[in-house]
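Participant: What follows is a single structure, and I will ask about it in a moment.
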Amino acid sequence: MSKNDRNLDKRQQKQRKADVEARKQKRLPWIFGAIVVLIALVVGGSFLSDSFDNTKTTTTNLYSKEISLQSLHDKNAAKDDFYAYYYQPSCEHCKVVSPYLIPMAEQMSKPLFPVNIEGKHDAWTEYKVQGTPTLIHFKDGKEVERIDGQRDPSVYSEFFTNAK
Amino acid sequence: MTDSVTPRSTVNSSPTPSRSLLYWVTIAIRLVLGAVFLYSAVTKIADVYSFGLVLQSYDLLPDPMIKPLAILLPLVELVLGAAVLFKPTARYASLGIGLISLLFTFVMISKWGVVMPYGCGCFGPTEATPVGIVDVGKDVLLVIGAGLVLFRR
């Protein structure tokens, strides 16, 4: 192998090394970006997991006295004096009202039972529910009075206090 | 100076009108896909528990999978929605968007006519509605849009 060939070989090796380095350099932003996205996903996932558990606990506790439509019929058939709170899990107004209405009823010793009517068209028609939340006072198997929509806590408090 | 400009670069610098139109159409599709996926992700992230209820209402997954999927899906949508807006990642993201939308299409077809208590849940829980052409059509359009971005040369 002549000196010229050796030099050429060295130059080619050097060029190949430079190419590999350049490719590595080109990959760096991708690797860095992927790591950042991965970290963000892990952190975000952890927050969402906490949020999921907290909401689940709150919802389960809040609606622990929930009754089915059949139980509601049974209560009316038995002519019980009670309050049916019609709500939907996806209803934004219910998310505001439930946290103060349900504990308030408990404090005032009012028998309030949440009824989930999400997707239950028959219930909407049968009880003439225009929207959620709706609070209906039943007595002797009949509706006595009701409150439609989101109201201030004072309105519900008055409703319970002045119950017929 | 003029020697440094190759004939190829001269051709590329003045695109034909049709090519230019295709370019802008692709940009518009990427923007729409990005906006749809980002909005979809944000509505689910805002109330991840309700999205879990939506997933449960489809009755296709075992209960232990509901929570992980309710968390993972919005995050994946967020990443894909953001990635499709950036040119270097747009094609990979459109592949992901296409596959996810195709999966959603099959799920929607499997529930055709069924009244879902939270609606299709595409953008979080909504009114109870039966699955129909609008729900399937939305996903099919997303698949087509993603395909156009993916296969554009």
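Using N, Cα and C of the backbone, Cβ positions are placed for all residues, glycine too.
Sequence annotations record features per position, and here TrEMBL assigns transmembrane segment to B:21-46, B:66-86, B:93-112, B:132-151. If you look up TrEMBL, you'll see B:24-151 marked as domain 'Methylamine utilisation protein MauE'.
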Participant: List, by number or range, the same-chain residues at least 6 past the transmembrane segment (B:132-151) whose CB is under 8 A from its CB atoms?
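Facilitator: Counting only partners 6 or more residues beyond its ends, the transmembrane segment (B:132-151) has Cβ contacts under 8 Å with 25-26, 29-30, 32-33, 36, 84, 90-91, 94-95, 97-98, 101-102, 104-105, 108-109, 112-113, 120, 122.
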Participant: Kindly report the helix/strand/coil residue split of the domain 'Methylamine utilisation protein MauE' (B:24-151) according to DSSP, in that order.
Facilitator: 98 helix, 12 strand, 18 coil
Participant: By a Cβ-Cβ criterion of under 8 Å, what residues six or more beyond either terminus of the transmembrane segment (B:93-112) are in contact with it?
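Facilitator: Those are 30, 33, 37, 58, 60, 76-77, 79-81, 83-84, 120, 122, 131-132, 135-136, 139-140, 142-143, 145-147, 149-150, in sequence order.
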